[in-house]
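Here the structure is laid out as structure tokens; the discussion comes afterwards.
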Amino acid sequence: MNPNQKIITIGSISLGLVVFNVLLHVVSIIVTVLILGKGENNGICNGTVVREYNETVRIERVTQWHNTNVVEYVPYWNGGTYMNNTEAICDVKGFAPFSNDNGIRIGSRGHVFVIREPFVSCSPIECRAFFLTQGSLLNDKHSNGTVKDRSPFRTLMSVEVGQSPNVYQARFEAVAWSATACHDGKKWMTVGVTGPDSKAVAVIHYGGVPTDVVNSWVGDILRTQESSCTCIQGDCYWVMTDGPANRQAQYRIYKANQGRIIGQTDVSFNGGHIEECSCYPNDGKVECVCRDNWTGTNRPVLVISPDLSYRVGYLCAGIPSDTPRGEDAQFTGSCTSPIGNQGYGVKGFGFRQGTDVWMGRTISRTSRSGFEILRIKNGWTQTSKEQVKRQVVVDNLNWSGYSGSFTLPVELSGKDCLVPCFWVEMIRGKPEEKTIWTSSSSIVMCGVDYEVADWSWHDGAILPFDIDKM
């Protein structure tokens with residue numbers, strides 16, 4: 001064969017292979033259309049898988065078209081039943097890590113919100129981390145000046161517990177610079193406070209829809225808990241403050257059903273100061289450990305009954321748990337009166353364990369750094385100084401901040417008692433560090449039947465960020 005004949009032969013074979021390949025594709029398409037055309041779905045094959053998760057049914061509808069699969073998630077809530085939440089708090093020996101969001105570390109290169117006041121609350125099927133955003137992202141120019149507490153850009157949003165407060169997984173809850181949220185077993189209720197200092201309004205959402213409002217009645221920065229509210233047998237309770245932060249203010253307990261207020265009562269507490277209460281259900285009542293921003297370095301205690309009757313006083317323990325505070329040895333404790341003259345304060349929490357109390361506090365007496373939780377024998381009912389357990393969560397070389405309480409409902413934990421849990425905010429940036437922003441991450445701990453070793457689950461972000469160097 002001469003060279004020209006070889007070229008012609010190779011070309012003919014190649015052309016034949018191409019034609020054969022095209023014919024195979026045509027036949028494949030014809031056969032596919034004929035087979036799918038015999039079905040009742042006009043070429044679309046649908047399959048439905050239903051999985052039940054407690055009170056929720058999640059439907060996955062799978063649609064196949066040739067080589068493409070589309071999975072469409074169709075959420076469906078069957079209404080569920082109200083959580084009971086009348087059980088007692090479980091007696092625990094220590095607290096184990098539940099989650100750590102690492103929000104600021106991730107935010108150095110990820111789309112993470114600038115936040116403060118994070119907290120956790122649980123439904124029968126999940127726990128969610130709530131937080132107040134500043135309407136801006138970390139490492140962005142809009143993060144400048146976010147040390148400010150109240151602005152029209154602040155919103156309450158949430159993610160599944162353990163996730164960073166990122167743009168892609170966060171769910172909008174309310175416009176708010178102060179907030180609380182809780183689940184009654186059927187739907188989430190949120191309370192978001194927003195507006196001007198003199199005429200702030202709290203908007204109540206139930207199932208994502210605005211259902212009621214509370215207007216400022218004093219005209220001096222209406223505010224609420226910055227942690228989980230409490231639902232018992234379908235009714236949800238929370239505490240609000242209106243008035244000065246450094247002298248006598250006014251305090252109210254609210255009760256709602258399906259997002260609509262069905263009761264309220266004023267708390268008479270002359271000489272005492274209540275704000276930013278950390279509340280939880282226990283033995284059919286709501287127990288709250290709050291912040292005295294006026295004088296006391298001991299914490300106010302508010303116990304609420306379903307009929308809105310209440311008992312108010314101070315955490316009896318002879319060891320102070322607010323910051324700033326004096327030396328433990330010089331503190332006497334009181335069940336009825338504020339002790340100390342430090343003023344200011346920080347949001348904190350405590351859990352009653354019979355007559356004992358678990359109480360969290362910063363390790364530093366003067367600044368928001370370090371965090372520990374102490375068990376004081378008979379500290380709920382007496383001015384006891386007997387510390388029977390201590391666990392370090394954040395060492396004193398690292399920043400902490402607010403802390404608060406929540407519980408795991410029996411529907412979620414499978415126990416016959418309510419598991420006590422708490423979160424610790426770890427504030428970074430202004431005013432302590434050289435940045436243009438203020439934000440925080442958080443560690444979450446839950447009670448267990450075993451002692452847990454001391455460690456420091458601190459924030460660990462390396463500052464300043466790029467935006468701070470511009």
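Note: Cβ is positioned from N, Cα and C throughout, glycine not excepted.
Model, not experiment: these values are computed from the prediction.
ARG291 is the residue from ARG128, ARG260, ARG291 that Swiss-Prot records in the substrate site together with ARG116, ARG150, GLU275, GLU276, ARG368.
Among ASP266, ASP307, ASP322, only ASP322 appears in Swiss-Prot as part of the Ca(2+) site alongside ASP292, GLY296.
Among CYS335, CYS446, the cysteine that Swiss-Prot records as disulfide-bonded to CYS421 is CYS446. Swiss-Prot records a disulfide bond between CYS290 and CYS277, which is the match among CYS277, CYS279. Under 8 Å, Cβ to Cβ, and six or more positions away along its own chain, CYS446 (disulfide bond) finds PHE95, ALA96, PHE98, LEU408, VAL419, PRO420, CYS421. Highlighted in sequence order, HIS273, ARG291, ASN293, TRP294, THR295, THR297, ASN298, ARG299, PRO300, TYR314, PRO320, PRO338, ILE339, GLY340, GLN342, GLY345 have their Cβ within 8 Å of the centre of the Cβ atoms of ASP292, GLY296, ASP322, the residues recorded for Ca(2+), and are not part of that set.
DSSP states for the region 'Involved in apical transport and lipid raft association' (11-32), grouped as helix (H, G, I), strand (E, B) and coil, give 22 helix, 0 strand, 0 coil.
The Cβ of CYS279 (disulfide bond) lies under 8 Å from the Cβ of GLN225, SER227, SER228, CYS229, THR230, TYR237, TRP238, VAL239, VAL286, GLU287, CYS288, LEU302, ILE304, SER405, each of which sits 6+ residues away along the same chain.
Under 8 Å, Cβ to Cβ, and six or more positions away along its own chain, ASP149 (active site, proton donor/acceptor) finds ARG116, TRP177.
Comparing CYS236 (disulfide bond) with CYS182 (disulfide bond), their Cα atoms are 8 Å apart once rounded. It is 31 Å from the Cα atom of CYS122 (disulfide bond) to that of GLY296 (Ca(2+) binding site). Comparing CA positions across the binding-site residues ASP292, GLY296, ASP322, the one lying closest to CYS231 (disulfide bond) turns out to be ASP292.
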